[in-house]
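J.: Mind looking over this structure? Questions follow.
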Amino acid sequence: MPPLTLRGITVDFPFTPYPCQKDYMSKVIECLQNKVNGVLESPTGTGKTLCLLCATLAWREHFKDTISARKIAEKMGGVELFPDRPLSSWGTSATDGDTPAYYTDMPKIIYASRTHSQLAQVINELKNTSYRPKVCVLGSREQFCINPDVMRQESNHIKVHMCRAKVSSRSCVFYNNVEEKSTDKEITNSILDVEDLVKTGKKQRVCPYYLSRTLKQNADIIFMPYNYLLDPKSRRAHNIELKGAVIIFDEAHNVEKMCEESTSFDLTPYDLISAIETVDRVLSEQAKEISHGHTAEDFNVDSLNSGLKLDITTIAKIKQVLMDLENAINSFEMPVSNQGITKPGSFIFELFQKAHVSFDTKTGIVEAMEQIIGYLAGRPGVFLNTSGLQKVADIIQLVFAVDPQEGSTRAYLENSTQQFKVHIHPDISNSRKKQSTDVWSASSSKKQGNILSYWCFSPGFSMQELCKQEVRCLILTSGTLSPLSSFTSEMQIPFPVCLENPHVIERDQIFVSIIDKGPDSIQLSSAYDRRFVPENMASLGNTVVNLGRVVPHGLLVFFPSYPVMDKTLEFWRANGHADRIENMKPMFVEPKGKGTFTEIIDAYYDKVKDPQSRGGSFFAVCRGKASEGLDFADTYGRGVIITGLPFPPRMDPRVLLKMQYLDEMCRKKTANVKYLSGQEWYRQQASRAVNQAIGRVIRHRQDYGAIFLCDHRFKNNDVKAQLPSWVKPYIRIHDNFGTVVREAAQFFRVAQKLRPLPERTVKEVNSDVIASADTSGERSRNTTQSSWLSRPTQKAKMLDSHVPSLKRRRVDEQSGGDGTARLCIQYETDMSSSKKKPVGLLDALERSDWKTEEEEDTPVGEERASRSSTLSLQHDKRLDDESRGGKRKIKVVQDRKSSDDSKAAKGKAFLVELKRCLSQESFMSVMQALQTYKATDNLEDLLTKAANILTTDPNTHSLLRGLYQFIRPHHKRQFDERCQLLTGQGCGYKPEHSLTREQRESLIQPEVKTVTPGIGTSCRQLDSSKQLNLGGSHLSTCSIVEDLKDQSQHHPDRDCQSQMSSMLLTDLKKAIGTQKTNQLFLALQTYKKTDNYDQMVTTVVSLLSERDEDLGLLKRLMPFIPSHHSQRFKETLMALMGNTSIPSNNADKPPNGPNKGM
């Protein structure tokens, strides 16, 4: 195409640009030429990324040509080559008329986005241009490291210290090759993203992490995530030079949040306890060495190559610092409301001073902490959790990041912290429950402490810090920055260049409707007082059902938050709305956990692509994973329903303090600085989340879709004013719901006729590029797109690789791990990844034990989508039921190919859930216990270790029962009984579960003819392949049936017993606590085995007689006492309680005696 000239710069754009693209590139060049900041909004699908790259690189080439021209002019001695244009005037628009510059003064371009997966898309766009700059992408060791010893470590900061130790000792062969390979033209002249660098590193045996840092020195454009720029510690760690650089923030709608979070922290009691325990461990070891005659100088933790040594006195001082800090935080008395105490930001220095941490001492303290961590990281043997100590060291560096000028300490402290607040509040969060189940933090459950929060409330703080580094300009761009005025106010730096681009689509490609009432004329509202009203939820359900009928293919439904989505879906399931949606468009629900997201989004894509289906519906939340980074182009997102305004939680302390801070700043009226009010900010947060979700629909020039805003508050002018500028012209408000459905149906009929979808675009989704459309306006795709963008499923998997919240291990990347690591990897890997299948769940613990029986069927297409739809619907409902103590009531809706497939799938799902609910250390402990059980067959050892982790929190009781599937047949009954005691609910034991594989196989041999009279029919009907354990309760050879006859009568009323036990367990835990309850049930279990009544009654009475109000619980134990001891137990009760009514053993006991099934 002909060259494009904008503001004197020739831009080599690969396609004929649209007017909005020319406007966008002109604004980019204006920022670069005039050294001013810009905020540019251009809707997704307008080719924003391609425009940004081409304009920036064209300007940089022009800048370079200018330097060349001036150097030539100097050498010519004033002789002009072109009389009509003096050489000295060349390119003044690019260099602003500066004095002649050197090539080393060329501005570097720093391109930042939220995640590496988004950067991978940008780098792929760069490959599609004619520009070939020198490129570098920065990442962490976790992403780049290929040294198997370092990769094997679980903790990221342990990886850092181990890597440093290997580098300092030059014991890493990959690092040793960096200097040689950094000049390899094949590497330096290639455009490589993170994945490409790792592949190159493995191929050429060179460290990708240090190679990228070396390439950075000569790179023209450097790609990195936001936090590398905004976090001062990361900036220093990666040695990022900002002076004179052009900084571009793409997907900048997240910058505001990232700016605040990069300079904020929450220090919990668990963090401090963990840090103290870590230092105490080292201190104890050092003391032992001294007591054995070694000198203190023998202790050298020189992992940082700093040459420093720590004697026992220094280590003791570090422990004292941590303990003083803990005491200082916990010394505050909390108000009755438990809302916490708020102090000015400068109070943080006063608080740390109490622990003897100041600007004078902070360097030595941090270095000592780092060396202790490095020493522990380099030690072989048992892993010691050092994350708490690392966090404290990072916090000290953050608080004391910049040294004040001499004599101006007080003024510095006040000015540098006016955007911050210190908030101290009691530790009553959900994270405390997780800590109490963590085997690494047993002491944390014994002490209630306070959380120290240091929160930044001005994104402008980080932006101003960047500007102080003398950057050339800052360009912030995204598809959803509206409303721009509030966004720029939050940034607190000037933005002379602003742009709100229109979309490139036509009127017939978008349908926007505000629906204030449902089909039943009930007003729709997600307001706090209306969101859970049954009539409102029913009306919203009817609205979604009716809109699902007219929206073809994929339908997206966004809720304000997870709690609102959970309760609404629960109501819909109970009242039939979910069934109606499922029958029309199978439902897929965004999970809270990080393990199953890729599986569910893949299944949704499969369902929409399936020509036999009517599409699918994906339910998600605003600000969630689906609303941020995923592409729902073409059929994957023909309609989006916004079910309400996603305001932040109003009573959250951080939200309240943010609003108070903004109101305070507005009252001060600082000159030349405009602040939002607290209420304006609150509304802006909801609007921006809505705008981000809306952006999922129209993804390119030929795309089309509908937007339904289902909340009556969208009719308010102030809410409509904050919607994107490209949406506002198309907003319709209808008189009744019938009109909405009728017009939406007409819209899709017309759109489908005007823009029929080519067959191949059902399988391919383009991301953020529309300029590939040719001049005739016909739709086309850029066929040179890499395989990363070829399918949405691949995109989801790339997110899985690069977004830490979605990361899952891969077998091929971790095959070098130890046994435990392999065990965890194997559990998380799809069963289809192996050509062989395990003969039992326990045998799946190690790959070497997998047997070859038959190939496993892999669910694909319709079956796979159906399974994920059902799983996604039921996943969070099940967790809610269990947290309330309810029973799991999940119907299995899909047929199983075989019992082995069923068990494998069930085991995989359970382990994913286990890892999601537990900390990493607790999960690894349970896995190790299972591994040990497999090797030793010691059930007691497994029960002891698992119960310590899984019985302290009622929410994890179901996980203990879930281990039942891994228990060997001869232990099934015993495990079921122990679960009954520990959790109040059994595992569904049946006598046939105790049969070995050989016994089950012998029962189904056709030559077995001896059958007990009366049950021959059952034997003839036996189909072991359809039974969970290759057998059933109707197994009926004469000998086996007689052996099991008595056992089969033990549990005819297990539900009744379970209900009684569950209620008793709950009451006991409330009365005497979890630990004593476990002791009580252990005594009952021992009594059942030994029949030692005196030992049992001594323990039970001692536990329940400490308080008079607990004596009533003794009576409720009556049903668990066998008849031959019941009279003695009654006498004991009468002696303790007087002549109160003592129930008879038979009256209270469930049929057939619960003591037998205990």
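Glycine is no exception: its Cβ is also placed from the backbone N, Cα and C atoms.
So TrEMBL has the following annotated:
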BINDING   Cys145, Cys163, Cys172, Cys207  [4Fe-4S] cluster binding site
COMPBIAS  782-793  compositional bias 'Polar residues'
COMPBIAS  874-885  compositional bias 'Basic and acidic residues'
DOMAIN    7-297  domain 'Helicase ATP-binding'
REGION    773-818  region 'Disordered'
REGION    848-899  region 'Disordered'
J.: Taking all residues of the domain 'Helicase ATP-binding' (7-297) together, what is their mean pLDDT?
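T.: Averaged over the domain 'Helicase ATP-binding' (7-297), the predicted model reaches a pLDDT of 84.
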J.: Would you list, in sequence order, the residues of this chain other than Cys145, Cys163, Cys172, Cys207 that have their CB within 8 A of the centroid of the site's CB atoms, where the site is the one recorded for [4Fe-4S] cluster?
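T.: Filtered neighbour residues, in order: Arg141, Phe144, Ile146, Asn147, Val150, Lys166, Val167, Phe174, Tyr175, Tyr209, Tyr210.
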J.: Please give me the CB contact count at 10 A for Cys145 ([4Fe-4S] cluster binding site), counting all chains in the structure.
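T.: If we count other Cβ atoms within 10 Å of Cys145 ([4Fe-4S] cluster binding site), we arrive at 25.
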J.: Can you check which residues sit near Cys207 ([4Fe-4S] cluster binding site), meaning Cβ under 8 Å from its Cβ, same chain, 6 or more apart in sequence, and list them in order?
T.: Phe144, Cys145, Ile146, Asn147, Cys172, Phe174, Tyr175, Asn177, Val178, Gly201
J.: By a simple count, how many Cβ atoms lie within 10 Å of the Cβ of Cys172 ([4Fe-4S] cluster binding site), its own Cβ left out?
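T.: Neighbour count, Cβ to Cβ under the 10 Å cut-off: 22.
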J.: Relative to the Cβ position of Cys163 ([4Fe-4S] cluster binding site), how many further Cβ atoms are located within 10 Å?
T.: 23
